[in-house]
Amino acid sequence: MSVYGLQRLYIGGGYVDATSGKTFDTFDPATGELLAQVQQASAADVDRAVASAQEGQREWATMTAMQRSRILRRAVDLLRERNDELAAIETRDTGKPIGETLAVDIVTGADVIEYYAGLATAIEGLQVPLRAESFVYTRREPLGVCAGIGAWNYPIQIACWKTAPALAAGNAMVFKPSEVTPLTALKLAEIYTEAGVPAGVFNVVQGDGSVGALLTGHPDIAKVSFTGGVETGKKVMSLAGASSLKEVTMELGGKSPLIVFDDADLDRAADIAVTANFFSSGQVCTNGTRVFVHRSIKDAFTQKVLERVKRIRVGKPTDADTNFGPLVSAAQLDKVLGFIESGKAEGAKLLAGGTRLTDGHFGSGQYVAPTVFGDCRDDMKIVREEIFGPVMSILEFESEDEVIARANDTHYGLAAGVVTENLSRAHRTIHRLEAGICWINTWGESPAEMPVGGYKQSGVGRENGITTLEHYTRIKSVQVELGRYNPVF
(Lines of atoms letter the chains of each structure in order from A and count residues from 1; the text may use other names and numbers.)
(Lines give C-alpha, C1' and ligand atoms only; values in the text may rest on other atoms or scores of the structure.)
Protein backbone atom coordinates (compact mmCIF):
# COMPACT_ATOMS: atom_id res chain seq x y z
CA MET A 1 0.00 0.00 0.00
CA SER A 2 1.39 3.39 -0.98
CA VAL A 3 1.21 6.56 1.09
CA TYR A 4 -0.64 8.71 -1.44
CA GLY A 5 -2.33 6.05 -3.56
CA LEU A 6 -2.91 6.18 -7.30
CA GLN A 7 -2.11 9.51 -8.95
CA ARG A 8 -3.91 10.38 -12.18
CA LEU A 9 -3.51 13.07 -14.81
CA TYR A 10 -5.00 16.53 -14.37
CA ILE A 11 -6.73 17.73 -17.54
CA GLY A 12 -9.59 20.15 -18.09
CA GLY A 13 -9.92 21.25 -14.49
CA GLY A 14 -10.00 17.80 -12.88
CA TYR A 15 -8.45 14.36 -12.56
CA VAL A 16 -8.75 11.91 -15.44
CA ASP A 17 -7.42 8.41 -16.04
CA ALA A 18 -4.56 7.94 -18.46
CA THR A 19 -5.32 5.77 -21.46
CA SER A 20 -1.90 4.09 -21.57
CA GLY A 21 -2.73 1.50 -18.93
CA LYS A 22 0.78 2.05 -17.53
CA THR A 23 1.90 3.33 -14.15
CA PHE A 24 5.23 4.06 -12.51
CA ASP A 25 6.21 4.21 -8.85
CA THR A 26 7.65 7.05 -6.83
CA PHE A 27 9.54 6.41 -3.59
CA ASP A 28 10.60 8.26 -0.45
CA PRO A 29 14.38 8.58 -0.87
CA ALA A 30 14.90 8.66 2.89
CA THR A 31 13.13 5.39 3.66
CA GLY A 32 12.56 3.58 0.38
CA GLU A 33 8.83 3.58 1.12
CA LEU A 34 6.45 3.53 -1.84
CA LEU A 35 4.76 6.92 -2.00
CA ALA A 36 2.45 6.53 -4.99
CA GLN A 37 1.69 4.78 -8.24
CA VAL A 38 1.43 7.36 -11.00
CA GLN A 39 -0.40 6.94 -14.28
CA GLN A 40 1.74 7.51 -17.37
CA ALA A 41 0.27 9.65 -20.13
CA SER A 42 -0.09 8.29 -23.65
CA ALA A 43 0.09 10.21 -26.92
CA ALA A 44 -3.70 10.40 -26.87
CA ASP A 45 -3.58 11.88 -23.37
CA VAL A 46 -1.10 14.53 -24.47
CA ASP A 47 -3.34 15.40 -27.42
CA ARG A 48 -6.29 15.65 -25.05
CA ALA A 49 -4.34 17.89 -22.68
CA VAL A 50 -3.26 20.21 -25.49
CA ALA A 51 -6.80 20.41 -26.92
CA SER A 52 -8.14 21.21 -23.45
CA ALA A 53 -5.45 23.86 -23.03
CA GLN A 54 -6.38 25.46 -26.35
CA GLU A 55 -10.00 25.72 -25.27
CA GLY A 56 -9.13 27.08 -21.84
CA GLN A 57 -6.62 29.53 -23.23
CA ARG A 58 -9.21 31.16 -25.46
CA GLU A 59 -11.33 31.93 -22.41
CA TRP A 60 -8.34 32.97 -20.30
CA ALA A 61 -7.02 35.35 -22.96
CA THR A 62 -10.36 37.15 -23.28
CA MET A 63 -10.31 38.05 -19.59
CA THR A 64 -8.90 41.42 -18.67
CA ALA A 65 -5.40 41.52 -17.28
CA MET A 66 -6.85 42.65 -13.96
CA GLN A 67 -9.13 39.61 -13.84
CA ARG A 68 -6.21 37.28 -14.49
CA SER A 69 -4.17 39.10 -11.87
CA ARG A 70 -6.84 38.65 -9.21
CA ILE A 71 -7.16 34.94 -9.92
CA LEU A 72 -3.40 34.43 -9.73
CA ARG A 73 -3.29 36.36 -6.46
CA ARG A 74 -5.94 34.01 -5.08
CA ALA A 75 -3.72 31.08 -6.07
CA VAL A 76 -0.89 32.71 -4.15
CA ASP A 77 -3.08 32.96 -1.06
CA LEU A 78 -4.00 29.28 -1.32
CA LEU A 79 -0.37 28.24 -1.73
CA ARG A 80 0.59 30.14 1.39
CA GLU A 81 -2.36 28.79 3.36
CA ARG A 82 -1.29 25.25 2.46
CA ASN A 83 2.44 25.76 2.81
CA ASP A 84 2.81 23.16 5.57
CA GLU A 85 0.79 20.51 3.75
CA LEU A 86 2.65 21.03 0.48
CA ALA A 87 6.04 21.12 2.21
CA ALA A 88 5.32 17.78 3.87
CA ILE A 89 4.58 16.20 0.48
CA GLU A 90 7.64 17.80 -1.09
CA THR A 91 9.85 16.51 1.70
CA ARG A 92 8.60 12.95 1.26
CA ASP A 93 8.95 13.12 -2.53
CA THR A 94 12.38 14.80 -2.76
CA GLY A 95 14.06 13.93 0.53
CA LYS A 96 14.67 17.57 1.36
CA PRO A 97 14.63 18.51 5.05
CA ILE A 98 11.25 19.79 6.20
CA GLY A 99 12.83 23.00 7.44
CA GLU A 100 14.00 23.67 3.89
CA THR A 101 10.74 22.93 2.12
CA LEU A 102 8.76 24.95 4.66
CA ALA A 103 10.97 28.00 4.19
CA VAL A 104 11.91 27.83 0.52
CA ASP A 105 10.12 25.64 -2.00
CA ILE A 106 6.49 26.76 -1.78
CA VAL A 107 7.35 30.22 -0.47
CA THR A 108 9.55 31.09 -3.45
CA GLY A 109 7.08 29.58 -5.90
CA ALA A 110 4.25 31.66 -4.47
CA ASP A 111 6.43 34.77 -4.55
CA VAL A 112 6.98 34.37 -8.29
CA ILE A 113 3.27 33.94 -9.00
CA GLU A 114 2.54 37.03 -6.93
CA TYR A 115 5.23 38.95 -8.82
CA TYR A 116 3.75 38.11 -12.23
CA ALA A 117 0.21 38.66 -11.01
CA GLY A 118 1.31 42.21 -10.35
CA LEU A 119 2.87 42.53 -13.78
CA ALA A 120 -0.09 41.12 -15.71
CA THR A 121 -1.65 44.57 -16.02
CA ALA A 122 1.64 46.09 -17.18
CA ILE A 123 1.72 44.23 -20.49
CA GLU A 124 1.40 46.95 -23.09
CA GLY A 125 2.25 47.91 -26.63
CA LEU A 126 3.82 50.95 -28.23
CA GLN A 127 2.59 53.72 -30.49
CA VAL A 128 5.01 54.81 -33.20
CA PRO A 129 4.21 57.96 -35.24
CA LEU A 130 5.14 57.72 -38.92
CA ARG A 131 3.82 61.00 -40.31
CA ALA A 132 0.95 63.39 -39.66
CA GLU A 133 -1.73 61.02 -40.89
CA SER A 134 -0.26 57.59 -40.15
CA PHE A 135 1.06 55.71 -37.17
CA VAL A 136 1.93 52.19 -36.03
CA TYR A 137 0.89 50.55 -32.82
CA THR A 138 2.02 47.23 -31.39
CA ARG A 139 0.16 44.63 -29.38
CA ARG A 140 1.71 42.03 -27.10
CA GLU A 141 -0.45 38.95 -27.55
CA PRO A 142 -0.18 35.57 -25.79
CA LEU A 143 1.58 32.75 -27.59
CA GLY A 144 -1.20 30.24 -26.96
CA VAL A 145 -0.42 26.87 -25.38
CA CYS A 146 3.00 26.44 -23.79
CA ALA A 147 4.66 23.31 -22.45
CA GLY A 148 6.59 23.18 -19.21
CA ILE A 149 8.95 20.32 -18.42
CA GLY A 150 10.22 20.30 -14.86
CA ALA A 151 13.26 18.89 -13.06
CA TRP A 152 13.20 16.71 -9.97
CA ASN A 153 15.08 18.97 -7.56
CA TYR A 154 12.51 21.77 -7.09
CA PRO A 155 9.20 20.28 -8.28
CA ILE A 156 6.61 22.80 -7.12
CA GLN A 157 8.91 25.81 -7.32
CA ILE A 158 9.74 25.05 -10.95
CA ALA A 159 6.06 24.51 -11.76
CA CYS A 160 5.30 27.93 -10.26
CA TRP A 161 8.22 29.61 -12.02
CA LYS A 162 7.11 28.29 -15.40
CA THR A 163 3.37 28.82 -15.06
CA ALA A 164 3.46 32.29 -13.51
CA PRO A 165 4.68 34.34 -16.51
CA ALA A 166 2.88 32.09 -18.97
CA LEU A 167 -0.51 32.48 -17.30
CA ALA A 168 -0.01 36.16 -16.49
CA ALA A 169 0.46 36.83 -20.21
CA GLY A 170 -2.74 34.97 -21.12
CA ASN A 171 -1.29 31.61 -22.15
CA ALA A 172 -2.20 28.10 -21.07
CA MET A 173 0.36 25.49 -20.03
CA VAL A 174 0.61 21.73 -20.19
CA PHE A 175 3.15 20.74 -17.56
CA LYS A 176 5.11 17.53 -17.16
CA PRO A 177 6.89 17.19 -13.83
CA SER A 178 9.84 14.87 -13.46
CA GLU A 179 8.79 11.26 -13.01
CA VAL A 180 11.14 11.15 -10.00
CA THR A 181 9.18 13.80 -8.06
CA PRO A 182 5.70 13.98 -9.62
CA LEU A 183 3.39 14.76 -6.71
CA THR A 184 3.19 18.48 -5.95
CA ALA A 185 2.52 19.65 -9.52
CA LEU A 186 -0.87 18.00 -9.17
CA LYS A 187 -1.52 19.96 -5.99
CA LEU A 188 -0.67 23.18 -7.83
CA ALA A 189 -3.20 22.22 -10.50
CA GLU A 190 -5.87 21.80 -7.81
CA ILE A 191 -5.00 25.21 -6.39
CA TYR A 192 -5.18 26.96 -9.76
CA THR A 193 -8.62 25.48 -10.39
CA GLU A 194 -9.85 26.43 -6.93
CA ALA A 195 -8.53 29.97 -7.44
CA GLY A 196 -10.62 30.38 -10.59
CA VAL A 197 -8.23 29.58 -13.43
CA PRO A 198 -10.46 28.25 -16.25
CA ALA A 199 -10.48 24.53 -16.93
CA GLY A 200 -7.63 23.50 -19.22
CA VAL A 201 -5.41 26.51 -18.62
CA PHE A 202 -3.08 24.39 -16.47
CA ASN A 203 -2.95 20.68 -17.22
CA VAL A 204 -0.54 18.11 -15.78
CA VAL A 205 0.57 15.03 -17.71
CA GLN A 206 2.82 12.51 -16.02
CA GLY A 207 5.51 10.25 -17.37
CA ASP A 208 9.08 9.80 -18.47
CA GLY A 209 11.04 11.50 -21.21
CA SER A 210 8.83 10.06 -23.91
CA VAL A 211 5.97 12.23 -22.65
CA GLY A 212 8.24 15.26 -22.69
CA ALA A 213 9.12 14.44 -26.29
CA LEU A 214 5.42 14.27 -27.20
CA LEU A 215 4.92 17.75 -25.79
CA THR A 216 8.06 19.15 -27.37
CA GLY A 217 7.13 17.85 -30.80
CA HIS A 218 3.42 18.68 -30.62
CA PRO A 219 2.38 21.00 -33.47
CA ASP A 220 -0.06 22.96 -31.30
CA ILE A 221 2.48 23.86 -28.62
CA ALA A 222 3.90 27.36 -29.16
CA LYS A 223 6.73 27.35 -26.61
CA VAL A 224 8.64 24.89 -24.46
CA SER A 225 10.21 25.82 -21.14
CA PHE A 226 12.57 23.09 -19.95
CA THR A 227 14.66 22.63 -16.82
CA GLY A 228 17.13 19.77 -16.74
CA GLY A 229 20.45 18.49 -18.00
CA VAL A 230 22.43 19.86 -20.93
CA GLU A 231 22.23 16.80 -23.17
CA THR A 232 18.48 16.44 -22.69
CA GLY A 233 18.09 20.17 -23.24
CA LYS A 234 19.83 19.91 -26.59
CA LYS A 235 17.41 17.18 -27.65
CA VAL A 236 14.42 19.24 -26.50
CA MET A 237 15.66 22.31 -28.35
CA SER A 238 16.32 20.32 -31.52
CA LEU A 239 12.89 18.68 -31.50
CA ALA A 240 11.16 21.97 -30.68
CA GLY A 241 12.79 23.60 -33.68
CA ALA A 242 12.39 20.69 -36.07
CA SER A 243 8.71 20.15 -35.29
CA SER A 244 7.31 23.66 -35.57
CA LEU A 245 9.99 26.26 -34.77
CA LYS A 246 8.77 26.59 -31.19
CA GLU A 247 10.22 29.19 -28.90
CA VAL A 248 12.28 27.69 -26.08
CA THR A 249 13.53 28.56 -22.64
CA MET A 250 16.28 26.25 -21.38
CA GLU A 251 17.54 26.28 -17.79
CA LEU A 252 20.28 23.66 -17.87
CA GLY A 253 23.25 22.52 -15.84
CA GLY A 254 26.21 24.26 -14.31
CA LYS A 255 29.68 23.84 -12.87
CA SER A 256 29.85 27.19 -11.22
CA PRO A 257 33.00 28.85 -9.87
CA LEU A 258 33.19 30.49 -6.45
CA ILE A 259 36.29 32.68 -6.18
CA VAL A 260 37.64 33.53 -2.73
CA PHE A 261 40.21 36.32 -2.90
CA ASP A 262 43.01 36.84 -0.39
CA ASP A 263 41.25 39.73 1.36
CA ALA A 264 38.02 37.81 1.94
CA ASP A 265 36.39 37.52 5.33
CA LEU A 266 37.19 33.84 5.86
CA ASP A 267 34.18 33.11 8.03
CA ARG A 268 31.85 34.62 5.44
CA ALA A 269 33.68 32.81 2.64
CA ALA A 270 33.44 29.46 4.40
CA ASP A 271 29.75 29.98 5.15
CA ILE A 272 29.10 30.82 1.50
CA ALA A 273 31.10 27.85 0.21
CA VAL A 274 29.32 25.36 2.45
CA THR A 275 25.91 26.74 1.49
CA ALA A 276 26.87 26.79 -2.20
CA ASN A 277 27.77 23.10 -2.09
CA PHE A 278 25.62 21.37 0.51
CA PHE A 279 22.26 23.13 0.54
CA SER A 280 19.58 20.69 -0.60
CA SER A 281 22.23 17.95 -0.43
CA GLY A 282 24.08 19.60 -3.29
CA GLN A 283 21.23 19.06 -5.75
CA VAL A 284 21.02 22.65 -6.99
CA CYS A 285 21.92 23.63 -10.55
CA THR A 286 23.66 26.85 -9.48
CA ASN A 287 25.93 25.21 -6.90
CA GLY A 288 29.40 26.72 -6.63
CA THR A 289 31.22 23.41 -6.77
CA ARG A 290 34.54 24.76 -8.10
CA VAL A 291 35.86 26.71 -5.13
CA PHE A 292 38.92 28.72 -6.18
CA VAL A 293 40.85 29.99 -3.15
CA HIS A 294 43.89 32.25 -3.16
CA ARG A 295 46.99 30.26 -2.23
CA SER A 296 47.83 32.52 0.73
CA ILE A 297 44.58 31.70 2.55
CA LYS A 298 43.79 28.21 1.25
CA ASP A 299 44.77 26.31 4.39
CA ALA A 300 42.93 28.64 6.76
CA PHE A 301 39.87 28.69 4.50
CA THR A 302 39.85 24.90 4.19
CA GLN A 303 39.99 24.49 7.95
CA LYS A 304 36.97 26.75 8.41
CA VAL A 305 35.05 24.82 5.74
CA LEU A 306 35.78 21.51 7.47
CA GLU A 307 34.65 22.93 10.82
CA ARG A 308 31.31 23.84 9.24
CA VAL A 309 30.93 20.50 7.48
CA LYS A 310 31.21 18.78 10.87
CA ARG A 311 28.23 20.86 12.03
CA ILE A 312 25.94 19.70 9.21
CA ARG A 313 23.06 17.75 10.70
CA VAL A 314 22.40 14.74 8.47
CA GLY A 315 19.17 13.00 9.41
CA LYS A 316 15.59 12.13 8.65
CA PRO A 317 14.09 14.82 6.41
CA THR A 318 10.93 14.92 8.50
CA ASP A 319 12.88 15.91 11.63
CA ALA A 320 12.95 19.65 12.26
CA ASP A 321 16.63 19.56 13.32
CA THR A 322 17.84 17.98 10.08
CA ASN A 323 19.45 20.30 7.54
CA PHE A 324 20.90 17.68 5.16
CA GLY A 325 18.86 14.84 3.72
CA PRO A 326 19.31 12.02 1.21
CA LEU A 327 19.83 12.26 -2.50
CA VAL A 328 16.65 12.07 -4.54
CA SER A 329 17.02 8.52 -5.86
CA ALA A 330 19.16 5.40 -5.98
CA ALA A 331 20.28 6.34 -9.48
CA GLN A 332 21.46 9.75 -8.29
CA LEU A 333 23.26 8.15 -5.35
CA ASP A 334 25.14 5.79 -7.68
CA LYS A 335 26.08 8.68 -9.94
CA VAL A 336 27.45 10.78 -7.08
CA LEU A 337 29.38 7.87 -5.57
CA GLY A 338 30.91 7.25 -8.98
CA PHE A 339 32.16 10.82 -9.12
CA ILE A 340 33.60 10.52 -5.62
CA GLU A 341 35.54 7.40 -6.61
CA SER A 342 36.77 9.25 -9.69
CA GLY A 343 38.07 12.07 -7.51
CA LYS A 344 39.98 9.63 -5.34
CA ALA A 345 41.41 7.82 -8.36
CA GLU A 346 42.59 11.03 -10.04
CA GLY A 347 44.53 12.15 -6.98
CA ALA A 348 42.27 14.65 -5.25
CA LYS A 349 42.75 14.70 -1.48
CA LEU A 350 39.64 13.55 0.37
CA LEU A 351 39.18 15.92 3.31
CA ALA A 352 35.65 15.00 4.43
CA GLY A 353 32.94 12.49 3.62
CA GLY A 354 33.39 10.42 0.51
CA THR A 355 31.15 7.54 1.53
CA ARG A 356 27.57 6.36 1.53
CA LEU A 357 25.92 6.53 4.96
CA THR A 358 24.44 3.18 5.96
CA ASP A 359 24.26 3.07 9.76
CA GLY A 360 20.84 2.79 11.37
CA HIS A 361 18.00 4.42 9.47
CA PHE A 362 20.46 5.71 6.86
CA GLY A 363 20.68 2.19 5.45
CA SER A 364 17.23 2.35 3.89
CA GLY A 365 17.81 5.74 2.25
CA GLN A 366 19.97 7.33 -0.42
CA TYR A 367 22.42 9.12 1.87
CA VAL A 368 25.95 10.22 1.03
CA ALA A 369 28.14 12.17 3.43
CA PRO A 370 28.96 15.81 2.62
CA THR A 371 32.22 15.51 0.72
CA VAL A 372 35.16 17.90 0.36
CA PHE A 373 38.15 17.35 -1.91
CA GLY A 374 41.36 19.38 -1.75
CA ASP A 375 44.36 19.56 -4.06
CA CYS A 376 42.04 19.49 -7.06
CA ARG A 377 43.14 20.16 -10.63
CA ASP A 378 41.17 21.71 -13.46
CA ASP A 379 41.39 18.53 -15.56
CA MET A 380 39.79 16.24 -12.97
CA LYS A 381 36.39 14.77 -13.72
CA ILE A 382 34.97 16.09 -10.44
CA VAL A 383 36.04 19.59 -11.50
CA ARG A 384 34.95 19.39 -15.14
CA GLU A 385 31.56 17.70 -14.95
CA GLU A 386 28.32 18.51 -13.15
CA ILE A 387 27.86 16.10 -10.24
CA PHE A 388 24.59 17.38 -8.78
CA GLY A 389 25.46 16.15 -5.34
CA PRO A 390 27.27 17.23 -2.16
CA VAL A 391 30.83 17.27 -3.49
CA MET A 392 33.04 20.36 -3.10
CA SER A 393 36.29 20.74 -5.05
CA ILE A 394 38.84 23.21 -3.64
CA LEU A 395 41.39 24.65 -6.07
CA GLU A 396 44.07 27.24 -5.41
CA PHE A 397 45.06 30.24 -7.53
CA GLU A 398 47.55 33.09 -7.44
CA SER A 399 46.35 35.92 -9.69
CA GLU A 400 43.10 37.54 -10.76
CA ASP A 401 43.69 37.02 -14.47
CA GLU A 402 44.60 33.39 -13.89
CA VAL A 403 41.52 32.52 -11.88
CA ILE A 404 39.15 34.28 -14.29
CA ALA A 405 40.59 32.33 -17.22
CA ARG A 406 40.27 29.05 -15.31
CA ALA A 407 36.78 29.84 -14.08
CA ASN A 408 35.65 30.51 -17.66
CA ASP A 409 37.31 27.36 -19.04
CA THR A 410 34.09 25.35 -19.19
CA HIS A 411 31.15 24.89 -21.53
CA TYR A 412 28.86 25.76 -18.62
CA GLY A 413 27.94 29.33 -17.71
CA LEU A 414 25.08 29.25 -15.25
CA ALA A 415 26.38 30.96 -12.11
CA ALA A 416 29.49 32.42 -10.50
CA GLY A 417 30.45 34.26 -7.36
CA VAL A 418 33.27 36.15 -5.69
CA VAL A 419 34.10 36.83 -2.06
CA THR A 420 36.26 39.90 -1.46
CA GLU A 421 36.26 43.11 0.54
CA ASN A 422 37.45 45.05 -2.53
CA LEU A 423 34.29 46.01 -4.40
CA SER A 424 36.21 47.35 -7.37
CA ARG A 425 37.82 43.95 -7.82
CA ALA A 426 34.49 42.24 -7.18
CA HIS A 427 32.71 44.09 -9.97
CA ARG A 428 35.71 43.89 -12.29
CA THR A 429 35.87 40.12 -11.86
CA ILE A 430 32.14 39.55 -12.16
CA HIS A 431 32.06 41.54 -15.40
CA ARG A 432 34.64 39.18 -16.89
CA LEU A 433 33.06 35.93 -15.72
CA GLU A 434 30.98 34.12 -18.32
CA ALA A 435 27.89 33.32 -16.27
CA GLY A 436 24.28 34.44 -16.26
CA ILE A 437 23.72 34.57 -12.49
CA CYS A 438 26.41 36.13 -10.30
CA TRP A 439 26.78 36.86 -6.61
CA ILE A 440 29.15 39.10 -4.69
CA ASN A 441 29.76 38.17 -1.04
CA THR A 442 26.68 35.95 -1.01
CA TRP A 443 25.32 32.92 -2.82
CA GLY A 444 22.15 31.26 -3.96
CA GLU A 445 19.28 33.70 -3.57
CA SER A 446 17.04 33.90 -6.65
CA PRO A 447 14.23 36.37 -5.90
CA ALA A 448 11.30 36.77 -8.26
CA GLU A 449 12.66 40.07 -9.53
CA MET A 450 15.99 38.54 -10.61
CA PRO A 451 16.30 36.98 -14.09
CA VAL A 452 17.67 33.44 -13.84
CA GLY A 453 19.47 31.69 -16.68
CA GLY A 454 22.80 30.76 -18.11
CA TYR A 455 25.45 31.57 -20.68
CA LYS A 456 26.95 29.06 -23.11
CA GLN A 457 25.53 25.54 -22.71
CA SER A 458 23.82 26.35 -19.43
CA GLY A 459 20.71 27.61 -21.12
CA VAL A 460 18.73 29.83 -23.42
CA GLY A 461 16.41 32.58 -22.22
CA ARG A 462 15.56 33.50 -18.65
CA GLU A 463 13.10 32.72 -15.89
CA ASN A 464 11.83 35.36 -13.46
CA GLY A 465 12.22 39.10 -13.79
CA ILE A 466 10.38 41.48 -16.11
CA THR A 467 12.14 40.29 -19.26
CA THR A 468 10.70 36.78 -18.96
CA LEU A 469 7.14 38.03 -19.27
CA GLU A 470 7.93 39.47 -22.68
CA HIS A 471 9.01 36.05 -23.92
CA TYR A 472 5.55 34.64 -23.26
CA THR A 473 4.06 37.14 -25.70
CA ARG A 474 4.42 37.85 -29.41
CA ILE A 475 4.36 41.29 -30.97
CA LYS A 476 1.79 42.26 -33.55
CA SER A 477 2.47 45.47 -35.49
CA VAL A 478 -0.48 47.43 -36.88
CA GLN A 479 -0.23 50.41 -39.23
CA VAL A 480 -3.13 52.84 -39.26
CA GLU A 481 -3.61 55.25 -42.17
CA LEU A 482 -5.82 58.25 -41.45
CA GLY A 483 -5.25 60.03 -44.73
CA ARG A 484 -5.78 59.19 -48.35
CA TYR A 485 -4.43 55.89 -49.65
CA ASN A 486 -2.14 56.38 -52.63
CA PRO A 487 -2.53 53.41 -54.97
CA VAL A 488 0.49 51.96 -56.71
CA PHE A 489 -1.39 51.07 -59.89
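Including glycine, each Cβ sits where the backbone N, Cα and C put it.
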Of the candidates ASP93, ASP105, ASP111, the one that Swiss-Prot places in the K(+) 1 site of THR26, VAL180:
ASP93
So Swiss-Prot lists GLY150, ALA151, TRP152, LYS176, PRO177, SER178, GLU179, GLY229, VAL230, GLU231, THR232, CYS285, GLU386 for NAD(+); which of GLY125, GLY253, GLY363 goes with them?
GLY253
Note down the number of other Cβ atoms within 10 Å of the Cβ of TRP152 (NAD(+) binding site), including every protein chain shown.
22
LEU245 (K(+) 2 binding site) and GLU251 (active site, proton acceptor), Cα-Cα, nearest whole angstrom:
19
Measuring CB to CB from PRO177 (NAD(+) binding site), give everything in the same chain under 8 Å that is also at least six residues away in sequence.
GLY150, PRO155, ILE158, ALA159, THR184, ALA185, VAL204, GLN206
So of VAL180, VAL230, LEU245, CYS285, which of the binding-site residues has the fewest other Cβ atoms within 10 Å around its own Cβ?
LEU245
Give me the Cα-Cα distance between THR26 (K(+) 1 binding site) and VAL230 (NAD(+) binding site), rounded to a whole Å.
24
In whole Å, how far does the CA atom of GLU247 (site 'Seems to be a necessary countercharge to the potassium cations') lie from that of VAL180 (K(+) 1 binding site)?
26
For the C-alpha pair, I'd like the distance in angstrom between ASP93 (K(+) 1 binding site) and TRP152 (NAD(+) binding site), rounded off.
9
Taking Cα atoms as reference points, which of the binding-site residues GLU179, VAL180, VAL230, THR232, CYS285 is nearest to GLY459 (K(+) 2 binding site)?
VAL230
